[in-house]
């Protein structure tokens with residue numbers, strides 16, 4: 001345990017920052033501007049989604065999952081951004097604003113929840129498209145209701161994991177420079193176990209998305225380029241895969257550096273945290289940088305949908321419409337071709 005004043009909660013540990021540094025970087029405007037950019041991007045995507053015609057079948061299911069992803073990103077930026085901006089306004093003095101650590105525990109759980117949800121939803125979307133493209137007749141028809149049930153399951157799963165430190169497995173602590181709370185990169189078994197659970201679950205989600213999307217794209221390409229093919233994928237099939245691949249690339253670039261850093265830090269032989277709870281200065285700064293990179297995932301996700309819609313793709317590539325007409329992959333002749341040698 002860390003040595004703290006008895007009047008303070010258990011989330012406080014020594015942080016490598018002086019009062020002068022704290023005052024120099026304690027500007028709420030950067031945090032507020034960053035949050036406003038993300039909120040505006042997600043609101044724009046939600047408005048575009050609201051005006052989309054989902055129809056029925058795979059597209060309605062995909063749009064429901066995508067709406068769940070954008071809504072999650074919006075709420076994540078709203079909740080965590082408000083806390084970060086308030087702490088910057090308080091000159092990063094978390095002890096003065098939250099001595100009992102209630103806000104810190106709330107933000108730590110929110111960081112885990114809103115961090116894992118996009119990765120899990122990305123994997124769920126990849127699985128939905130994988131089954132829809134490669135095995136369209138092996139499952140019940142995709143519906144938006146089933147998709148929203150999947151979103152609900154992801155929320156419950158991520159929320160349950162985020163509550164574990166409040167139940168005794170792992171700890172949330174104030175992180176450098178004092179504007180946010182996150183899981184503790186300590187050497188205690190609970191900290192290591194919880195950190196590994198978070199990083200491994202996120203990494204597996206990204207890896208699963210990569211695998212399933214690769215197979216789905218390869219299947220679409222095989223159908224499109226097959227010489228004997230008389231039918232082509234509909235443009236909506238290609239549109240959904242382009243958007244899904246874009247979401248996967250954004251999640252990989254934004255989140256994998258942080259997840260790998262957490263794994264390396266927790267598994268290395270020499271602990272990076274002293275018995276008093278102080279992290280190495282380089283470790284604290286690296287964690288902050290990787291966290292900021294990961295936050296861009298919530299800002300870029302909505303732009304993947306906004307920019308990779310059919311209407312935009314047609315303007316960028318006029319042949320997109322003429323090349324990708326015809327019936328869906330879900331017709332029996334196409335399925336026979338997909339299941340062929």
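Residue numbering: from 1, along the chain as shown.
Even glycines carry a Cβ here, placed using N, Cα and C.
Taking a C-beta cut-off of under 8 Å and a sequence gap of six or more, residue 104 (disulfide bond) has these contacts in its own chain: 9, 11, 94, 98, 172, 173, 174, 181. Taken residue by residue with DSSP, residue 104 (disulfide bond) is part of a helix. As annotated by Swiss-Prot, disulfide bond applies to 104-181, with the evidence given as sequence analysis.
For 4 (among others), the entry in Swiss-Prot reads N-linked glycosylation site.
Residue 16 (N-linked glycosylation site): 15 other CB atoms within 10 A of its CB, across all protein chains. Annotated N-linked glycosylation site per Swiss-Prot: 16 (among others), in sequence order, evidence recorded as sequence analysis.
The phosphoserine annotation in Swiss-Prot covers 328.
Mean pLDDT for the topological domain 'Extracellular' (1-29) in this predicted model: 71. Among the features that Swiss-Prot reports, topological domain 'Extracellular' is placed at 1-29 (among others).
The topological domain 'Cytoplasmic' annotation in Swiss-Prot covers 53-65 (among others).
Beyond its flanks by at least six residues, the topological domain 'Extracellular' (87-105) meets 7-12, 17, 22-23, 25-28, 30-31, 165-166, 172-174, 177-181 of its own chain at Cβ-Cβ distances under 8 Å. Annotated topological domain 'Extracellular' per Swiss-Prot: 87-105 (among others), in sequence order.
Summarising the annotation, Swiss-Prot assigns topological domain 'Cytoplasmic' to 128-147 (among others).
Tertiary neighbourhood of the topological domain 'Extracellular' (171-191): same-chain residues 10-13, 15-17, 21-22, 25, 31, 80, 83-84, 87-88, 92-94, 101, 103-105, 107-109, 111-112, 165, 198, 262, 265-266, 271-273, 277, 279, 283-285, 287-288, 291, selected by CB-CB distance under 8 Å and a gap of 6+ residues from either end. Annotation source Swiss-Prot lists topological domain 'Extracellular' at 171-191 (among others).
Swiss-Prot lists 218-244 (among others) with the feature topological domain 'Cytoplasmic', giving sequence analysis as the kind of evidence.
Here Swiss-Prot flags 269-287 (among others) as topological domain 'Extracellular', drawing on sequence analysis. For the topological domain 'Extracellular' (269-287), same-chain residues at least 6 beyond its ends with a Cβ under 8 Å from one of its own Cβ atoms are 2-3, 13-16, 173, 175-176, 182, 184-187, 258, 261.
According to Swiss-Prot, the topological domain 'Cytoplasmic' annotation covers 310-341 (among others), on the basis of sequence analysis.
Panel annotation: around the transmembrane segment (30-52), residues 63, 66-67, 70-71, 73-74, 77-78, 81-82, 84-85, 88, 179, 295, 298-299, 301-303, 305-306, 309 of the same chain, lying at least six beyond its termini, place a Cβ under 8 Å from a Cβ of the stretch. Look at Swiss-Prot and you will find 30-52 (among others) tagged as transmembrane segment, backed by sequence analysis.
Tertiary proximity for the transmembrane segment (66-86) is limited to same-chain residues at least six positions away from its ends with a CB under 8 Å from its CB atoms, namely 28, 31-32, 34-35, 38-39, 42-43, 45-46, 49, 97, 103, 106-107, 110-111, 113-115, 117-118, 121-122, 125, 147-148, 150-151, 154-155, 179-180, 243, 247, 297-299, 301-302, 305. Per Swiss-Prot, the feature transmembrane segment maps to 66-86 (among others).
Per Swiss-Prot, the feature transmembrane segment maps to 106-127 (among others).
Summarising the annotation, Swiss-Prot assigns transmembrane segment to 148-170 (among others) and lists sequence analysis as the type of evidence.
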